[in-house]
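Each remark here refers to the structure printed beneath this line.
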Ligand SMILES: NCCCC[C@H](N)C(=O)NCC(=O)O
């Protein structure tokens with residue numbers, strides 16, 4: 001579309017926009033499903049393939065190493081190819097990665113599959129964000145982002161639920177991963193449908209522009225404020241705690257707490273399920289009351305004792321949890337409370353943290369500020385699963401020695417306490433004269449100002 005078409009052509013009708021959101025969200029559903037499909041087969045990989053926890057940690061880290069490499073180039077690729085082609089290519093890479101992970105029993109091949117997944121999945125997330133910004137700018141952009149993230153998290157929850165709805169597959173480690181490959185097919189189909197929608201719209205509607213896709217720019221890092229660096233530090237330790245905990249959670253509930261696979265899957269799924277509903281609600285609340293750094297500090301404080309609670313508190317009575325259309329399970333009350341609280345934190349901190357960057361960084365540098373944040377996030381997230389894997393091996397964690405998981409839980413706790421420190425420093429800075437309005441600005445104050 002030329003600049004002269006802009007303003008001449010009508011904006012795309014609402015139905016087109018919502019269909020684009022649907023297809024892009026389905027592509028993300030598959031993306032998150034494939035990533036999390038490894039979690040429920042960890043015990044099978046250990047029993048049937050003899051993998052150590054360190055090797056499981058390496059499978060997780062391989063994804064991040066690939067993501068770190070490709071995030072350096074992802075923005076350029078998307079700008080060069082355009083979002084239609086980029087999303088489809090990245091979805092195909094995810095499909096190939098899922099197939100490679102399932103294809104052979106060799107550790108090196110599975111490792112290569114997870115590495116390939118990192119090459120496709122993370123730039124697919126960047127491309128999806130770019131599409132939404134293009135189609136929803138000036139419309140329901142925040143809402144569209146919220147829906148997209150919720151559908152993505154449904155992909156994570158569905159991978160956990162597969163221990164129930166696809167339980168016959170879990171006699172071996174491979175079949176659940178073939179199921180993930182089939183789900184990756186949904187991603188590719190959705191990407192192609194999005195391609196068709198956008199192609200039909202080009203020349204008929206004004207699709208707007210997004211500017212350049214977020215890229216990592218290393219020059220001028222020193223000019224970001226202290227508040228920005230506190231948010232980055234919180235982001236690093238927060239995701240480096242929650243994502244690795246999720247990776248090992250189903251296996252941990254099975255080995256250390258004696259849950260069967262279905263119950264462990266249902267319990268683990270409550271984390272993304274809580275986030276599906278609570279993230280948009282926290283977003284709406286914070287937009288009304290401000291107090292963003294205080295919210296992040298409260299979230300960090302709530303997270304601090306959770307890993308020690310699962311380790312040291314008595315399990316309490318069993319309670320029934322049931323997920324409509326999926327199944328039900330009896331789970332110990334303590335574990336249920338901890339997962340629900342962690343789900344609350346997993347909803348609150350992302351809902352407040354990512355948008356806060358927009359208040360702190362100059363709009364012209366927002367793209368590189370987000371790219372740098374994602375890059376740092378991946379670096380922290382790369383290290384932790386390896387460390388937890390090594391700790392679990394070193395302390396011979398397993399059903400005969402549940403205490404062997406304690407060192408890993410202390411490691412998560414140490415990370416969570418760093419998170420609390422960074423959130424506190426942010427709150428102190430933002431409550432003083434050098435603040436950027438994180439505590440103060442609300443929808444009401446913004447409309448009063450302007
Ligand atoms: N399997 C999920 C990977 C998501 C990584 C992504 N870079 C991210 O952090 N998204 C934000 C979130 O809160 O999920």
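Indices start at 1 and increase along the chain as displayed.
The backbone N, Cα and C atoms fix where each Cβ goes, glycine too.
Per TrEMBL, the features are as follows:
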- 15-35: transmembrane segment (TRANSMEM)
- 20-431: domain 'Major facilitator superfamily (MFS) profile' (DOMAIN)
- 56-78: transmembrane segment (TRANSMEM)
- 84-103: transmembrane segment (TRANSMEM)
- 115-136: transmembrane segment (TRANSMEM)
- 177-197: transmembrane segment (TRANSMEM)
- 221-243: transmembrane segment (TRANSMEM)
- 263-286: transmembrane segment (TRANSMEM)
- 293-313: transmembrane segment (TRANSMEM)
- 333-357: transmembrane segment (TRANSMEM)
- 369-389: transmembrane segment (TRANSMEM)
- 409-427: transmembrane segment (TRANSMEM)
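Of the recorded ranges 221-243, 333-357, 409-427, the transmembrane segment (293-313) has the largest number of C-beta contacts under 8 angstroms with 409-427.
The stretches the transmembrane segment (333-357) and the transmembrane segment (15-35) do not meet in space: the count of Cβ pairs below 8 angstroms, excluding pairs fewer than 6 apart in sequence, stays at fewer than three. For the transmembrane segment (56-78), same-chain residues at least 6 beyond its ends with a Cβ under 8 Å from one of its own Cβ atoms are 35, 38, 42, 45-46, 86, 110-112, 114-119, 121-123, 126-127, 130, 212-216, 244, 247-248, 367, 371, 374-375, 378-379, 381-383, 385-390.
Contact between the transmembrane segment (115-136) and the transmembrane segment (221-243) does not hold: fewer than three of their C-beta pairs are under 8 Å, each pair 6 or more apart in sequence. By the Cβ criterion (under 8 Å, sequence separation of 6 or more), the transmembrane segment (369-389) is not in contact with the transmembrane segment (177-197), since fewer than 3 such pairs are found. Within the model, the domain 'Major facilitator superfamily (MFS) profile' (20-431) shows a mean pLDDT value of 93, rounded to a whole number.
Within the chain, the transmembrane segment (409-427) has long-range Cβ neighbours (under 8 A, six or more residues past its boundaries) at 226-227, 230-231, 233-234, 237-238, 240-241, 244-245, 293-294, 296-297, 299-301, 303-308, 310-311, 384, 387-388, 391, 438-439.
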